[in-house]
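Quick notes on the structure that follows.
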Amino acid sequence: MSDRAVVSSSKVPNLTLQPLSILVLHGPNLNLLGQREPGIYGSLTLAEINHLLAAEGLKLQVEIFAVQSNHEGVLVDTIHEALGKHQGILINAGAYTHTSVALRDALSGVNLPTVEVHLSNIYRREDFRHHSYIAAIAIGQISGFGVQSYLLGLQALVHHLRKDKV
Ligand code: CA2
């Protein structure tokens, strides 16, 4: 008896993953990570966080493009330029989270699925950090898990982008 089976290709699920590119945006002062305030933000540098994100991206089969800026306008421009290049945005907008209508408008303008992340738990800190202009236009927010906030945020974003796309 033959041990070979003929299966029609129409019945085989397409296991090829859709190629995805994710823009990771880091806002003001996050370039100082690892040098000051390790008690609040951990001891990893931004380069180390980006390296961990790239490694997680490899596992998830997505490309990661990381940008940090201390300038609101540069962040707005980078969000505009994401259209047609990236399929999702992972953002730690730093202090602009709590102040920037411009960043929120840029994110809702490009309408790319966005996940907001924070190293610290913004709800355990000063009252002015409890409000985020980005949260209402994001798919979700992850706050308080240090570098894991970024990695969990990336997983959630990729899961969101791939769901229903087998
Ligand atoms: O917890 C977060 O990830 C924050 O987005 C970090 C922002 C803060 O304004 C947000 O409320 C919460 C601040 C980033 C500043 O990073 C520094 C790192 C080292 C030394 C000084 C600042």
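Placed from the backbone N, Cα and C atoms, the Cβ positions cover glycine too.
In the three-state DSSP scheme, Arg36 (site 'Transition state stabilizer') is classed as coil. In the shown protein chains, 10 other C-beta atoms lie within 10 A of the C-beta of Arg36 (site 'Transition state stabilizer'). The feature site 'Transition state stabilizer' is assigned by TrEMBL to Arg36.
Sequence annotations record features per position, and here TrEMBL assigns active site, proton acceptor to Tyr41. Every protein chain shown contributes to the tally, and the Cβ of Tyr41 (active site, proton acceptor) ends up with 19 other Cβ atoms within 10 Å.
In the three-state DSSP assignment, the secondary structure recorded for Arg129 (substrate binding site) is helix. The substrate binding site annotation in TrEMBL covers Asn92, His98, Asp105, Leu119, Ser120, Arg129.
For His118 (active site, proton donor), the count of additional Cβ atoms within 10 Å of its Cβ stands at 25 [all protein chains shown]. Annotation comment: TrEMBL describes His118 as active site, proton donor.
Here the C-alpha separation of Tyr41 (active site, proton acceptor) and His118 (active site, proton donor) works out to 9 Å. Here substrate is bound by Asn92, His98, Asp105, Leu119, Ser120, Arg129 per the record. The longest Cα to Cα distance in that group is 24 Å.
Here the C-alpha separation of Ser120 (substrate binding site) and Arg36 (site 'Transition state stabilizer') works out to 14 Å.
Neighbour counts of Cβ atoms within 10 Å were compared across the binding-site residues Asn92, Ser120; the minimum falls on Ser120.
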